[in-house]
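Enquirer: Before I ask anything, here is the structure I am working with.
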């Protein structure tokens with residue numbers, strides 16, 4: 001539209017409410033028509049209008065008008081603008097919302113044209129940022145030309161903001177290009193733009209690990225599910241012979257569930273191969289269909305090396321990772337970098353990941369029985385909340401990362417680099433308060449690894465949080481070249497100071 | 001016994017409370033939920049006298065909530081440090097989260113009808129982690145607006161990639 005100016009709040013196309021309400025209208029008309037057609041051709045005797053044509057038409061009209069009026073009111077309240085740094089969207093009548101997304105956080109800008117919109121020459125611009133599931137902003141609807149213009153402007157700004165900060169690499173590439181026109185269930189024309197990382201250089205990849213079939217069988221057999229299935233087989237047979245239906249209905253589904261999961265493992269883990277180059281790790285696996293996954297090493301946010309109890313005698317481990325901006329692998333059987341690897345293979349994979357991931361400390365955390373030197377353990381009072389594994393839990397800090405050790409039965413070492421921590425948190429529940437304990441969590445991106453050190457003493461938790469805030473700050477400054485803030489860092493130290501008496505300042509009655 | 005306040009409280013940290021109007025909004029909401037229940041139980045008591053127990057439970061819960069909401073809101077405070085926003089909250093389950101400005105992905109500001117009547121809004125900051133709970137309820141509208149602007153500007157200045 002000619003009346004679009006950057007940096008000015010702009011309303012959406014005036015036909016938007018018609019389109020929004022129109023979707024409902026089409027559905028309603030379609031329903032009525034299909035009912036009538038059915039009736040005329042005699043396949044369905046009942047007439048939903050009951051013969052009251054006028055009444056039905058009036059009802060339909062009221063629904064239509066209400067829909068369009070509601071859509072019109074919400075159109076009145078909605079506007080967007082492209083400020084120098086953000087895309088901003090204001091919306092909502094009852095609950096007002098104001099969302100802004102910075103250009104440098106934008107991962108993808110798509111144009112979608114649902115069928116109805118296409119008829120009117122309108123488009124929606126869908127902007128996606130890194131973040132939770134709720135992190136997209138949809139500008140609907142705009143005239144085709146304006147939508148194109150807005151998209152190009154945003155892309156231009158995104159590139160500008162990136163090129164001026166080369167260190168803040170775009171985060172998403174592994175995205176399916178399926179058009180997402182969820183507005184109506186009709187064919188959708190979609191043009192996509194994705195901020196891609198620089199293409200990986202064609203460096204020959206080396207095979208790092210290949211899981212032998214025998215190990216897949218053994219590892220599958222040595223799992224809680226397998227033990228359950230083995231124990232359940234005689235029970236199911238006995239129940240079947242004696243005709244004990246209660247047992248059968250109880251055990252049957254459990255049995256099938258556990259068996260299915262085992263089969264999923266077997267087929268998913270067969271032919272598992274890990275290839276590595278300096279930039280990416282490629283995983284290939286599958287018996288019936290070969291599936292491949294590429295994990296850019298730079299995007300790995302956290303690593304967990306874990307070992308179920310039954311694997312301990314064989315020293316097999318599983319490596320799982322959080323990868324930023326990559327769609328979550330649904331199947332927990334196959335979301336690992338390696339689902340069952342020897343210690344030597346684990347070492348090789350961690351070596352490929354690079355020096356950010358402190359190998360000796362991870363190995364120590366994996367295998368050592370008790371907290372050794374360099375590792376901070378839990379206080380004795382933690383035994384009340386964690387009687388079995390409090391001795392094994394603890395953390396160590398290296399130059400590049402925090403290494404957390406957990407688990408008496410399922411052993412695990414979790415690594416999160418200082419520069420990859422999104423935010424940090426201390427928590428304390430009522431029992432922890434009685435025991436003078438507190439838990440520290442480091443928030444990573446979406447994935448199977450949740451780095452946290454539970455049940456430290458309050459003093460330890462305070463120290464860890466404060467020191468970690470500073471370490472992460474330094475690491476970010478180092479990695480992303482952020483200018484150091486001019487203000488003195490008085491605040492964090494002050495977190496450690498004494499209690500104040502003012503916490504009840506806002507007690508009821510004031 | 002409240003030793004742990006030391007973990008979250010500090011003399012020279014610029015902690016700021018949220019608006020006490022949030023107390024009113026939350027108490028009104030509690031009353032709005034409890035009132036129909038109370039009426040229903042009172043009506044039922046006319047039929048079967050045992051229903052007074054239900055009414056009493058609702059009444060006691062409401063009184064407790066009335067008191068607790070005051071404490072709960074008083075426990076919410078935030079501090080804008082040079083590099084991060086720190087939010088603490090909770091009475092029974094206490095928590096303190098520190099979110100570096102450079103991790104900000106985007107900031108939301110929202111305010112429901114009741115909140116708007118009382119001139120308050122909530123600001124939520126999102127990082128690339130779904131667990132960073134950077135939600136700050138009960139800010140007065142101009143403050144919420146200003147905070148969102150500041151956060152966005154600081155996020156821009158101190159940006160750190162993923």
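Along the chain as shown, the residues are counted starting at 1.
Even glycines carry a Cβ here, placed using N, Cα and C.
Automatic, uncurated: that is what TrEMBL annotation is.
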Enquirer: According to TrEMBL, transmembrane segment applies to one of these ranges: A:216-241, A:242-267, A:268-293. Which one is it?
Expert: A:216-241
Enquirer: Could you tell me the mean pLDDT over the domain 'YdbS-like PH' (A:75-154), as a whole number?
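Expert: Looking only at the domain 'YdbS-like PH' (A:75-154), pLDDT averages out to 82.
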Enquirer: Can you name the far-off residues of the same chain, 6+ from the ends of the transmembrane segment (A:216-241), with a Cβ under 8 Å from a Cβ of it?
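Expert: Here the qualifying positions are 247-248, 251-252, 254-255, 258-259, 261-262, 265-266, 269-270, 272, 308, 310-311, 314, 316, 339-340.
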Enquirer: DSSP-wise, what's the residue breakdown of the domain 'YdbS-like PH' (A:390-466) into helix, strand and coil?
Expert: 18 helix, 36 strand, 23 coil
